[in-house]
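Swiss-Prot lists Ser2 with the feature N-acetylserine. Residues annotated as topological domain 'Lumenal' in Swiss-Prot: 2-55, 108-187, 234-258, 311-362, 411-439, 485-534. The topological domain 'Cytoplasmic' feature in Swiss-Prot is assigned to 77-86, 209-212, 280-291, 384-389, 556-869; the stated evidence is sequence analysis. As annotated by Swiss-Prot, transmembrane segment applies to 56-76, 87-107, 188-208, 213-233, 259-279, 292-310, 363-383, 390-410, 440-460, 464-484, 535-555, with the evidence given as sequence analysis.
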Amino acid sequence: MSSCKTTLSEMVGSVTKDRGTINVKARTRSSNVTFKPPVTHDMVRSLFDPTLKKSLLEKCIALAIISNFFICYWVFQRFGLQFTKYFFLVQYLFWRIAYNLGIGLVLHYQSHYETLTNCAKTHAIFSKIPHNKDANSNFSTNSNSFSEKFWNFIRKFCQYEIRSKMPKEYDLFAYPEEINVWLIFRQFVDLILMQDFVTYIIYVYLSIPYSWVQIFNWRSLLGVILILFNIWVKLDAHRVVKDYAWYWGDFFFLEESELIFDGVFNISPHPMYSIGYLGYYGLSLICNDYKVLLVSVFGHYSQFLFLKYVENPHIERTYGDGTDSDSQMNSRIDDLISKENYDYSRPLINMGLSFNNFNKLRFTDYFTIGTVAALMLGTIMNARFINLNYLFITVFVTKLVSWLFISTILYKQSQSKWFTRLFLENGYTQVYSYEQWQFIYNYYLVLTYTLMIIYTGLQIWSNFSNINNSQLIFGLILVALQTWCDKETRLAISDFGWFYGDFFLSNYISTRKLTSQGIYRYLNHPEAVLGVVGVWGTVLMTNFAVTNIILAVLWTLTNFILVKFIETPHVNKIYGKTKRVSGVGKTLLGLKPLRQVSDIVNRIENIIIKSLVDESKNSNGGAELLPKNYQDNKEWNILIQEAMDSVATRLSPYCELKIENEQIETNFVLPTPVTLNWKMPIELYNGDDWIGLYKVIDTRADREKTRVGSGGHWSATSKDSYMNHGLRHKESVTEIKATEKYVQGKVTFDTSLLYFENGIYEFRYHSGNSHKVLLISTPFEISLPVLNTTTPELFEKDLTEFLTKVNVLKDGKFRPLGNKFFGMDSLKQLIKNSIGVELSSEYMRRVNGDAHVISHRAWDIKQTLDSLA
């Protein structure tokens with residue numbers, strides 16, 4: 001892997017082994033000539049180690065580096081501090097441009113066209129005899145043109161450079177031009193990089209405050225930590241990639257090795273370009289000068305441009321883009337959703353200050369952008385009149401309430417697919433519900449961050465005189481870091497992952513494997529670590545305002561809770577509990593002290609778990625001592641009931657209220673009617689006696705008087721009574737006869753009198769036209785049927801048959817007027833009881849109660865939810 005090599009490590013040197021001590025093979029890029037690379041050394045050893053041979057250029061480079069300090073002293077004495085600072089600032093800018101633009105252009109053309117290699121071959125720079133001369137010609141004396149003299153000089157100089165630099169056993173002509181060109185190229189890289197580093201260090205040194213009070217503070221301590229970390233990054237990076245990649249060797253020839261991800265390369269993407277520049281910011285902290293910080297930001301940013309336009313394209317052409325089929329899973333899911341749903345369009349996404357996937361025909365996009373525009377314009381036009389305290393409360397409440405709303409949706413969706421069910425039961429599709437969620441989530445992010453930006457901006461504006469410029473810039477850097485994290489996260493997991501697609505469309509996931517590509521190679525939950533650094537950046541920008549600290553804490557806590565208690569359990573449920581160790585985790589666990597601490601914690605955890613398990617076993621051991629008869633509650637209840645019935649019969653031999661076949665059947669599945677046999681002594685019977693049907697939970701323990709209404713679920717005991725109450729309550733009387741001692745009869749409760757709710761019920765025999773209870777039946781169960789859901793056709797058939805028996809189906813449509821006890825809610829419960837899904841009343845009204853549409857819609861919803869399981 002090619003890597004940048006600037007700043008601190010060049011002054012420290014490498015503690016790693018020389019690359020030549022390892023048996024490495026290489027080959028040229030175009031001609032595929034195989035060779036063994038020679039022994040080379042890192043930059044600092046090559047220039048300053050007196051035990052190594054030095055070429056002319058290396059001596060000149062070392063002299064140029066040392067001369068900078070003498071020049072600094074002379075200019076300082078003659079022109080003063082400010083002029084010297086700007087003098088070396090201009091030098092640094094020159095060398096930085098020479099690095100990023102100069103070396104960048106050279107490497108660009110070398111990568112695409114092998115320009116340097118072809119130039120060396122064309123002009124025979126590393127050949128014994130030039131290609132255009134025969135063996136008997138004298139190249140140095142017979143070359144009269146300026147061009148030939150020039151290339152003859154270059155040829156001799158380059159060969160002299162390599163011979164004076166390399167060991168005696170190095171055969172210049174035995175190696176291909178690529179390796180020799182690379183050795184010469186290294187010399188110019190040494191000059192530019194060392195000058196870039198030294199001029200920057202001198203500029204920083206001249207910017208350090210003279211007051212000891214300004215130097216010895218928390219900023220300097222943090223700065224030293226960053227510098228030391230930067231040194232470790234450089235040393236570890238050189239240990240991993242050696243100077244083959246340190247000097248962009250793969251632009252010239254290829255070693256037989258793969259891209260390496262070890263050590264510091266497990267901590268951060270492109271560590272030499274990212275965390276490899278933390279020393280810049282450490283020095284800026286020590287100086288406490290925003291001008292130094294701006295220069296450092298310029299140097300770092302230009303390095304990212306070098307990475308983007310030079311190194312990354314070359315790495316992708318040489319090694320591939322580093323993605324595999326698993327890493328592209330989410331992207332393929334996005335494509336699949338678009339392919340299978342023609343009305344689906346990619347969601348609007350806010351990234352930094354821009355919006356992606358804007359759809360001019362989608363109203364919600366205008367609503368989102370309009371909200372931002374209205375808030376911004378309103379703030380600008382009324383900035384003087386805005387009360388910051390009220391605005392703070394608004395930001396806090398908006399963030400908290402909207403987060404609770406978002407978290408509730410995700411939690412309930414994870415537990416029961418609640419959000420998807422809500423839309424399915426109202427006639428919408430699974431993907432449509434996902435689109436609505438995408439809008440809600442993006443609007444939540446846009447709204448909360450817009451309010452945060454407005455509040456922070458007004459805070460800075462109202463206290464600008466007290467704002468530290470360096471803190472302001474550092475805060476903006478943290479904001480940029482969070483924006484970068486968001487973009488890298490979305491790049492790694494695509495729109496599907498960004499919008500928690502596995503909560504809503506888990507049936508689209510073909511491979512149950514978490515991605516470890518991109519930023520997820522280094523962090524398991526980047527949004528939890530780097531996803532709030534920008535908010536803490538606002539704390540810096542506002543000079544540690546208490547209100548901004550409160551908002552930053554709120555952002556951090558809500559983010560942590562969402563990841564820890566909602567996202568992580570759901571991910572474990574979908575992808576399994578396979579523990580994914582991040583690159584940072586691997587590196588930290590590789591450090592011996594931390595590994596020892598981790599082992600101690602694991603041992604303590606195992607001891608605690610073992611003790612809890614042993615205690616649980618001891619506490620549960622008493623259950624085994626209970627007699628078996630006491631553990632069978634059902635059998636015990638049956639014995640109690642039989643004993644009570646026996647006592648009641650002896651006390652009143654002519655009082656009886658029994659359900660027909662109650663010994664055989666205690667659970668009646670609708671629409672099965674329930675027939676009741678009753679018997680009453682002749683002296684107690686009244687023609688107005690009636691029997692009501694009640695839920696046991698409603699009547700409770702009141703056995704003498706019924707204190708709840710029957711709601712129409714009652715029947716007379718005689719056909720001659722209750723003439724003004726319609727036929728329904730008399731037609732249920734199927735038999736009645738009297739003897740000298742008692743009156744007995746039969747009453748049948750069919751679908752016109754029964755409840756259409758699952759539950760435990762009982763019959764109550766009431767005396768006369770009152771609610772005084774004479775007899776109570778044995779409790780029994782009524783349940784809705786489970787219709788055949790094998791196919792949508794069978795489900796429709798069973799549904800229509802049931803509705804016909806209940807007398808609520810006419811012309812294939814549901815008509816609840818036929819049975820006042822079977823309404824829309826009963827139909828919803830019937831469908832839910834059979835197929836496990838629920839349709840909304842609004843949807844069933846919208847389709848005119850069509851049994852065919854309703855049954856097939858419920859079937860489709862079941863198929864969708866089953867695929868999400």
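Glycine is treated like the rest: Cβ placed from N, Cα and C.
If you look at the topological domain 'Cytoplasmic' (77-86), the same-chain residues 6 or more away from its ends with a CB under 8 A from one of its CBs are 203, 206-207.
Across the topological domain 'Cytoplasmic' (384-389), DSSP assigns 4 helix, 0 strand, 2 coil. Taking pairs at least six residues apart, the transmembrane segment (292-310) and the transmembrane segment (87-107) share three or more Cβ pairs below 8 Å and count as touching. Counting residues 6+ beyond its ends, the topological domain 'Cytoplasmic' (384-389) has Cβ neighbours under 8 Å at 455, 458-459, 462, 547 in the same chain. If you look at the transmembrane segment (188-208) against the transmembrane segment (259-279), you find fewer than three C-beta pairs under 8 angstroms, all six or more positions apart, and that falls short of contact. Among the listed stretches 87-107, 213-233, 259-279, 363-383, 535-555, the one sharing the most Cβ pairs under 8 Å with the transmembrane segment (390-410) is 535-555.
Using a Cβ-Cβ cut-off under 8 Å and counting only residues 6 or more beyond its ends in the same chain, the topological domain 'Cytoplasmic' (209-212) has close neighbours at 287-289. Cβ atoms under 8 Å from those of the topological domain 'Lumenal' (411-439) belong to residues 337, 341, 344, 347-348, 364, 368, 499-501, 503-505, 566, 569-570, 573, 837-840, 842-843, 846-847, 857, 861, 864-865, 868 of the same chain, restricted to positions at least 6 beyond its ends. DSSP assignment over the topological domain 'Lumenal' (485-534) gives 31 helix, 0 strand, 19 coil. Among residues of the same chain six or more beyond the topological domain 'Cytoplasmic' (280-291), those with a C-beta under 8 A of the stretch's C-beta atoms are 7, 204, 207-209, 214-215, 219-220, 222-227, 230, 299-300, 468-470, 472-474, 477.
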